[in-house]
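Quick notes on the structure that follows.
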Amino acid sequence: MTKPTMKVLVTGAAGQICYSLIGMIASGQMLGFDQPIILHLLEVPVAMDALKGVCMEITDSAYPLVKKVVATSDYQEAFTDIDVCIMVGAMPRKDGMERKDLLEKNASIFKGQGEALEKYSKKSVKVLVVGNPANTNCLIAKTYAPSIPAENFSALTRLDHNRAKAQVADRLGVNVSDVHNVTIWGNHSSTQYPDVSHGYVTINGEKKSITEAVNDDAWLKGDFISTVQKRGAAVIAARKLSSATSAAKAIVDHVHDWVLGTPEGEWVSMAIPSDGSYGIPEGVIYSFPVTCKDGVVTIVQGLKIDDFSRNKMEVTDKELREEKQLALN
Ligand code: NAD
Ligand code: LMR
């Protein structure tokens, strides 16, 4: 039996992330190879010509799952009755900037789009904010869409999660699929805390903790953390543009696992409204280890937090509260 069609909105659809993202969504990698979709693509008026070209390419790719494409710069048309909302549209940072430097430019976008979610979207819509600073922009959108449940809002830290897995895999000479249960705590910024202390790897069929397998605490507490924290800046320095194809892959992974579930025994990182877990008070969008089942996100509980981790988790929480203050002002 054919599944009911899902409406997916992607904002910033003529930008560089979306140029990698839209094909992945349209081919079924995000919501399943049996899931028909209607694509809503939102852009600012000056980018509508470029978006026309993107639409021509969607047509030319002949994706069987795509039932219709709505390309628009009108919020009502874009946000009406959507099931999934991927908010990419925002200015990216340039070399030498921190992501929070974008707040002044980008915050108003997320206020307006939060209001549009409130006015036009289904209350069950799942929202993923990608535009930076992603956690605080997500908080802004959520604030302006008070009738949509808080648990429907998330920001992207899956790219950091994937980066952490890849660094460990590279260090150990194993495949990324052998690295499990790393965690990104906090903000998608250079204060984020990539934590492998609860993770494990499978080497020759044997399960080993990452700490034991790597056997180099100085690296795990030093270069590993700073490499993941600063990877976005390193890509910008090399490309003179911020990461795009890896961001698109992370978006697909995030929404895929949210809607279709995480594998048994496996967790991923998602920035979601804090609920007091791990001593992080309510009021910010904080990245936690989570599992997903039937569209519901659950924070993994009971992980032991040592003093080293506690300190790093508090630093990134403090930054999020400062960003929130800045946004409110
Ligand atoms: P880009 O400049 O190539 O594309 C952004 C697009 O958004 C542009 O086409 C622009 O016209 C459009 N846009 C601007 N305002 C809009 C609005 N109000 N409504 C709809 N569209 C709008 O940028 P990009 O490289 O695609 O990056 C987009 C954002 O994603 C940036 O803020 C970047 O920093 C962020 N990002 C986040 C992550 C993450 O992991 N969270 C990773 C990579 C990039
Ligand atoms: C990334 O992590 O690559 C993105 O957030 C882009 C950036 O500004 O670092």
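Using N, Cα and C of the backbone, Cβ positions are placed for all residues, glycine too.
As recorded in TrEMBL:
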ACT_SITE  His188  active site, proton acceptor
BINDING   Arg93, Arg99, Asn132, Arg163  substrate binding site
BINDING   Asn106, Val130, Gly131, Asn132  NAD(+) binding site
DOMAIN    6-153  domain 'Lactate/malate dehydrogenase N-terminal'
DOMAIN    157-326  domain 'Lactate/malate dehydrogenase C-terminal'
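Overlay of TrEMBL annotations on the structure.
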residue : record                       : contacts (Cβ under 8 Å, 6+ apart)
Arg93   : substrate binding site       : Arg99, Asp101, Leu102, Asn132, Ile236, Ser242
Asn106  : NAD(+) binding site          : Ala90, Met91, Gly131, Asn132, Pro133, Asn137
Val130  : NAD(+) binding site          : Ile17, Ile86, Met87, Val88, Ala90, Ala155, Leu156, Ala247, Ile251
Arg163  : substrate binding site       : Pro194, Thr227, Val228, Arg231, Ser246
His188  : active site, proton acceptor : Arg99, Asn132, Pro133, Ala134, Asn135, Ala155, Leu156, Thr157, Leu159, Asp160, Ala271, Ser287
(request) Give me the mean pLDDT over the domain 'Lactate/malate dehydrogenase C-terminal' (157-326), rounded to a whole number. (result) 98
(request) Using CB under 6 Å from any atom of ligand 1, narrow the recorded positions Val130, Arg163, His188 to the ones that qualify. (result) Val130, His188
(request) Give the subset of the binding-site residues Arg93, Asn106, Val130, Gly131, Arg163 lying near ligand 2, defined as CB under 6 A from any of its atoms. (result) Arg93
(request) Please determine which of the binding-site residues listed here (Arg99, Gly131, Asn132) has the lowest count of neighbouring CB atoms within 10 Å. (result) Arg99
(message) What is the set of residues, excluding Asn106, Val130, Gly131, Asn132, whose C-beta falls within 8 angstroms of the centroid of the C-beta atoms at the NAD(+) site?
(response) Met87, Val88, Gly89, Ala90, Met91, Pro92, Leu102, Phe110, Val129, Pro133, Ala134, Asn137
(message) Could you give me three numbers for the domain 'Lactate/malate dehydrogenase N-terminal' (6-153), the DSSP helix, strand and coil residue counts?
(response) 69 helix, 28 strand, 51 coil
